Amino acid sequence: MKKISLPKIGIRPVIDGRRMGVRESLEEQTMNMAKATAALITEKIRHACGAQVECVIADTCIAGMAESAACEEKFSSQNVGVTITVTPCWCYGSETIDMDPMRPKAIWGFNGTERPGAVYLAAALAAHSQKGIPAFSIYGHDVQDADDTSIPADVEEKLLRFARAGLAVASMKGKSYLSVGGVSMGIAGSIVDHNFFESWLGMKVQAVDMTELRRRIDQKIYDEAELEMALAWADKNFCYGEDQNASQYKRNEAQNRAVLKESLLMAMCIRDMMQGNKTLADKGLVEESLGYNAIAAGFQGQRHWTDQYPNGDTAEALLNSSFDWNGVREPFVVATENDSLNGVAMLFGHQLTGTAQIFADVRTYWSPEAVERITGQALSGLAEHGIIHLINSGSAALDGACKQRDSEGKPTMKPHWEISQQEADACLAATEWCPAIHEYFRGGGYSSRFLTEGGVPFTMTRVNIIKGLGPVLQIAEGWSVELPKAMHDQLDARTNSTWPTTWFAPRLTGKGPFTDVYSVMANWGANHGVLTIGHVGADFITLAAMLRIPVCMHNVEEAKIYRPSAWAAHGMDIEGQDYRACQNYGPLYKR
């Protein structure tokens, strides 16, 4: 089957159409703006899969309806999913704009005095607003000379932020969320909302019963040679942690081997269900070989599966990581307990950064007073105002141990195309695999246990659905925290020490939900959250605006907030603008 091509970014150079000297004097400058924009994006941004982003430039500068239509015809044939219009001069507003209502679009009007690029920018944005097709405005802070071909830093930041978010929108469109199972333990996020995926994300939902996973395992609908490779890899790389089960629940060596084998098979089969596997076609299993075109998935697990079969912890942890027995590769997005809304937050983070995501319970707020009472030690540094214990039963990406290193040698989680095999091995070495606690998981399994290194910048996010309002996004930028070992051990043991832990300290603003750490915990909208590497809340805000998802909670600096220009017409309070604009325009793919 032919592979689906990746979305491209279309660059639209628009120009003053008056001949006999005006257009002719601007052709080279205008087209050079387009080429410079394309070069910047190609150099600085990759798709989440690691592929280089392709830009498609209109064949000619666009002065009016005819050339605009020719450009659109070219873009339609090239899978252009995002457009950036550029100009150094006055052009004819509504005659030259991109009118596709579902394609993210921005306009860069050159800030120069020789020709009024800013005037076109304002006129074109007015047309977009009047027609109900929001666009992003890009206008440099400082005046440039007409022959200055450089892209100022503030313009570059907006171009790249727009491009990252726009590509995320285009990449999700037409894909599916694979729901393996149904509602897990009454968790609302696993009540998968088809309308949300269809209307806001342009995606479909593929619902598959967990018996399909059982069938694939029992009937050997997988690559048997790959299973042997996976087992050998696990034998070489897995370090096993303590078995905290009572003696009557401990498994013998043969039983543990069977649990490991099934856990690895679950990873293989869920992956094959998501993206397909041509090896299955070679076995005559053509239908199963196709997969479900899933860009994200969720596995119910508890309790209808886990009461009798190994849990999903190992499978989910490995799929969510940037490496496995096949080496370093793009991480998958697989939500524990089929929490589709947390899965969407994971999907957003992965599409924006190319990195693995940490799925976690937002488990406990530890006040400085409570920590000192329990441990006899005081919190300090980033943790001085309190911490949030982010922990789940072992399904977080192993990258979350933060044994990868950035250019300055600091702990981080890299885009998968930058990860070395040595860094992948270091993450594995920092992970223990602990037998699942019988009281939770009667069918057994292995939970990954690691501790995230401290001082690493993270952005915690979550999507929630509010009846009568629709989806909303929560964002909390902060840092991982390293606690003294004795303190960590004592606090960790009060929850479950066989699971992975990140101690998180959000950045406080002294206002609203970020008045203090307790307020962050108290205002979080669900029991789960996602950690994405870096302080990238501004990118999430831009993406949410494109999809018409209002942001109900964030601690991003106001100067970094970048939304379509029409948002400014929806009131003077910046967050109220977001709600009113999202309500006014409705979901991007409204049905």
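Glycine is no exception: its Cβ is also placed from the backbone N, Cα and C atoms.
Some features that Swiss-Prot has for this protein:
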type	residues	note
ACT_SITE	GLU337	active site, proton acceptor
BINDING	GLU337, ASP361, HIS528	Mn(2+) binding site
ACT_SITE	ASP361	active site, proton acceptor
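DSSP assigns ASP361 (Mn(2+) binding site) to a strand in the three-state reduction. A distance of 11 Å separates the Cα atom of ASP361 (Mn(2+) binding site) from that of GLU337 (active site, proton acceptor). Listed in sequence order, the residues of the same chain lying 6 or more apart from GLU337 (active site, proton acceptor) and placing their CB within less than 8 Å of its CB are SER184, MET185, ILE187, GLY189, SER190, GLY298, PHE299, GLN300, GLY301, GLN302, HIS528. Over all protein chains present, the Cβ of HIS528 (Mn(2+) binding site) has 25 other Cβ atoms lying within 10 Å. Summary of the Mn(2+) site environment: with the site residues GLU337, ASP361, HIS528 set aside, the chain residues having Cβ atoms within 8 Å of the Cβ mean position are ILE187, GLY189, THR336, ASP339, ASN342, PHE359, ALA360, ASN392, ALA526, ASN527. Over all protein chains present, the Cβ of ASP361 (Mn(2+) binding site) has 20 other Cβ atoms lying within 10 Å.
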